[in-house]
């Protein structure tokens, strides 16, 4: 088996060219991306259209996180709450654009760990790869808890909660087993429909059963601690960018990735705004998190039951992504990545079981697991979704005209980086002069880094305080308890 080395990965075998309107990625991209030329391989990864990537993105991101949005409005008020949701949607679209451009300029990047190698070398590679796995496993565990809540609601909590989690974890594991995303993409179609219908049922249930004497405020006063706790809900409701590189790596035409991102952000932002506003308007300040638990029993059961397919698919996508990061790292540029070998399938099976097993153990064995998800989101999703995009732009614009070979990574002279527009290169000096040549973009991306840092630090602080308060109030349960 050929061992993987970054020097092999970064070697450019043909000159860069602009993307054309053909049916595939250009030759230089296939020469250097993780899956290479797949025509003769038994297992082909690069099969996704942008439409199916959009479906996967929606199924992964628009999930149980939206159920906390009405509660955020109850803390800060409907006006600032909706402004925050819309702003974060626009901001996430901008960072999506930066991430996708970075991926197109660096075909060898398959995940955030590879991006960390480009930015910071081997240390960055390990930190960002580790963060991806930790966040993906925690997110899968969070979906298992959502499944637990749903099954308990449907059965009036007649069983031990840990059993509900175990029941839900079995189909989640099976759904995460396929080696390629195209096999999960078709399952994601009903997952998207399920969360859409569940949200509609939740809004209808709230509208037909409004809370008497409810309190709905245009603006509300809250201290920084409670306000930021509430704001983290919409912040992390958009936290799915850590999967973008992995998904784009399996596209037939990676140059179409931004179409998928636009579809995701338009749907997510619109749906979040409508769902949060309607549920909060009819239930008021007493709305629970998750919001479905504030509905009358019949409506609550209907909403949770319809949402289960989405929780299953979203969880399977997270555990699949965690396993695939290890799998590609182990077998990059080897036959086991593309062929039906015993070692390849055996390793994949072990990784899938380990990732789902870790998510299950964390979900049922750690009483403060929901808070740990918050810490993981603060430490990593704050960067993956927001802050690191600014680093990508600053790095590539700085190195845009390097003569040491890195320039050949770039797909022509993207307008995003101020390069030439005819794809010939030589669009201007790199280094700090590149930042000065585009001061607005440089300032915006520096601000993006600072925003990511603020969310990381403040989110970690308030989550740790939540843990302390939970222990002091005695609400923390026992490990593996019912």
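Just so it is clear, glycine is given a Cβ too, placed from its N, Cα and C backbone atoms.
What TrEMBL says about this protein:
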COMPBIAS  1-20  compositional bias 'Basic and acidic residues'
DOMAIN    47-394  domain 'Amino acid transporter transmembrane'
REGION    1-21  region 'Disordered'
TRANSMEM  48-67  transmembrane segment
TRANSMEM  73-100  transmembrane segment
TRANSMEM  127-149  transmembrane segment
TRANSMEM  161-177  transmembrane segment
TRANSMEM  184-204  transmembrane segment
TRANSMEM  224-248  transmembrane segment
TRANSMEM  260-283  transmembrane segment
TRANSMEM  303-321  transmembrane segment
TRANSMEM  342-362  transmembrane segment
TRANSMEM  368-394  transmembrane segment
TRANSMEM  442-468  transmembrane segment
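When Cβ distances are compared across the two stretches, the transmembrane segment (224-248) makes contact with the transmembrane segment (73-100), since 3 or more pairs at least 6 residues apart fall below 8 angstroms. Listed by sequence, the residues of this chain that lie at least six past the ends of the transmembrane segment (161-177) yet keep a Cβ under 8 A from its Cβ atoms are 140, 143-145, 147-148, 150-152, 155, 184, 187, 311-313, 315-317, 319-320, 323, 349, 352-353, 355-356, 359-360, 363-364, 480-482. Using a cut-off of 8 Å between Cβ atoms, the transmembrane segment (303-321) and the transmembrane segment (73-100) share fewer than three residue pairs, counting only pairs 6 or more apart in sequence.
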